[in-house]
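The next block holds one structure in the form of structure tokens; read it before the comments.
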Ligand SMILES: Cc1ncc(COP(=O)(O)O)c(C=O)c1O
Ligand SMILES: N[C@@H](CCOP(=O)(O)O)C(=O)O
């Protein structure tokens, strides 16, 4: 496949390779006339004219306009939801909310800040960055205001709030113009009550839930972060900023690349993805290919790809889309806010997250912590990060009592998307776990595949990474750390359909040194009634009433 794929490859033309211009220019303006993509969501003269026309026509003829404000009039036929949002946003704008980059874990009064319009991934000292919101501005409103506002936006088509990410826009990218947002209405994912798994296999756990972040546009939680990152790139590339960003690039174990490619394709922005050759599933490989990305299948592991993309993005005007870029985490943190919302703003006891490059565990921390600080809720859940034993640098670090961190060479694992030995967000993960009295667990290949397959037996179709999180849950229940009645959320990070090869191997009993306890291979039967009856009698022994 890799060689077939190589014929798809093409490099960006050299004329696109303009140097970045870092700037503090902070655009608060609304949609512009100079978009490089006139065919795409372009606020052209005619849109401005239409806006003006619509504003006039909606005030004219409504002599008692204020009495009717609570009634939403249908948007005019010639206007789409994006245009409607721009018209509305001219009145409301960012309402004084703002955010900037600061060094990760910097003191409140740090002088080192960067505009989100800067292209910057590292602090002056080479450390990680974080997006810091103006909490004083947000605190002007009580927690109940934010709860009601977010609840009022769920499940609507109003641009951009129909997205589970952008329904929390004020907590994400408060200043972005709705016209620059690239959203596929991601988020709002199912919080699945794992009734049978909890009851039959975890000692009667009545309050066990699976947050299905993988039932999403590209089949993983990465969509939540990518809508934010690609929206910001769209803003930078379009007027008035007009930054010469030739494309967006990432290293990936399969899910980041799928999300990046889809969002870039939707926004007509070139995507470049570096994939470790022969280490990702076929379904994941075909996603960026189908979306028209430039796909480089590289003869190294994920950590090698990550080193290369960092070098390349330092050299070329290609914007980095990995979670080293803290913008991504602003979108991913909304999954935590969504969980709170789905429980009517009650805080669960435990949240278990599979970890690889370790951005997501911090994103969950950040979402919960922001809601606590702004008094949407009154406490924090305890976080568990679950790793595959074959790729467990965080687990080893935790077991050493957070002594020196040592990267590892990650071995092959069925949880291929977390086959990462040198996670870029190690500091963020340690911070999140320490702040929540968190725990790190690991799962062997057999444990993760059994846990995934057992969950499937109860009606799920989990991915192996969710299997890692479920295996951690089994262990913590066995040890009595998680109690029978604890409200527990397992974060499912990808769709099982992306990982059918591993399920086929398991159910075919084809995996060396693995018992495959829950394997359920199909039965081959001759095409005659007697043979079929024999199989059914044997299978349903005693349950046929014969
Ligand atoms: C399916 C899946 N689960 C879990 C993870 C781990 O997320 P993170 O890298 O943010 O720790 C990833 C990516 O790394 C993933 O693709
Ligand atoms: N699992 C990830 C690995 C890269 O993680 P990122 O969050 O830093 O982009 C993937 O799917 O590529």
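From the backbone N, Cα and C atoms, a Cβ is placed for every residue, glycine too.
Bear in mind that TrEMBL entries carry predicted annotations, made automatically and left uncurated.
Summarising the annotation, TrEMBL assigns region 'Disordered' to 1-22 (among others).
As annotated by TrEMBL, region 'Disordered' applies to 59-88 (among others).
Look at TrEMBL and you will find 59-70 tagged as compositional bias 'Polar residues'.
The compositional bias 'Basic and acidic residues' annotation in TrEMBL covers 75-88.
TrEMBL lists 182-493 with the feature domain 'Tryptophan synthase beta chain-like PALP'.
All chains included, 36 other C-beta atoms sit within 10 angstroms of the C-beta of residue 222 (N6-(pyridoxal phosphate)lysine). Per TrEMBL, the feature N6-(pyridoxal phosphate)lysine maps to 222.
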In terms of DSSP three-state secondary structure, what is the assignment for residue 222 (N6-(pyridoxal phosphate)lysine)?
helix
Could you break down the residues of the compositional bias 'Basic and acidic residues' (75-88) into DSSP helix, strand and coil, giving a count for each?
8 helix, 0 strand, 6 coil
